[in-house]
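Taken from Swiss-Prot, the feature active site applies to D126. Look at Swiss-Prot and you will find L75, C76, H77, M111, E112 tagged as substrate binding site, backed by sequence analysis.
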Amino acid sequence: MSKLTHVREDGSAHMVDVTGKNETSRTAVAEGFVKMRGDVVKQLFSAGLPKGDALPVARIAGIMGAKKTPDIIPLCHPLPLGKITVDFFELADGVRIEASVKTRGVTGVEMEALTAVSTAALTVYDMIKAVDKMAVIDGIRVLSKTGGKSGDWSVQ
């Protein structure tokens, strides 16, 4: 098993030293789902929810979440994010949220992509909970990443 890079010999946590790493172009794509009743899906995608048009709000929340990742996830490095996209795909039983993040830096952007998806999903949940109390956030994961010493990776 490989050693955790953010844990010192005595077991205490520290922020990994990335000052000696080369800058490379890095990307990450993550996804997540909000499951809900079919009638609520229709309201969500037609801007018909009591709280208003949820998808533009959730998109901005996801982008803001990615930018705030080092403020809410301990030990994450602040990164100059060059591009963040958050997209929504209608499903019969909910919405699939996909976030893509890009930077040129010394560490990856997987956490930023995951935070974008999570924040967007939480925002969708907040805006539908009045009409579907049984909604579920599920399946948040990294789909792919590029760049860095460990190279490219994808679930496919």
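Heads up, the Cβ atoms here are built off N, Cα and C, so glycines get one too.
One way to see the shell of the substrate site is to take the Cβ centroid of L75, C76, H77, M111, E112; the remaining same-chain residues with a Cβ within 8 Å of it are T69, P70, I73, P78, L79, T107. Counted over every protein chain shown, other Cβ atoms within 10 Å are most numerous around E112 among the recorded positions E112, D126.
In this view, C76 (substrate binding site) is surrounded by 19 other Cβ atoms within 10 Å of its Cβ, with every protein chain counted. Counting other CB atoms no more than 10 Å from each candidate's CB, the binding-site residues L75, M111 peak at M111.
Classification of C76 (substrate binding site) by DSSP places it in coil, neither helical nor stranded. Same-chain residues at least 6 positions away in sequence with a Cβ under 8 Å from that of H77 (substrate binding site) are, in sequence order, M15, V16, V18, P70, V106, T107. Rounded to a whole number, the distance between the Cα atoms of D126 (active site) and L75 (substrate binding site) is 28 Å.
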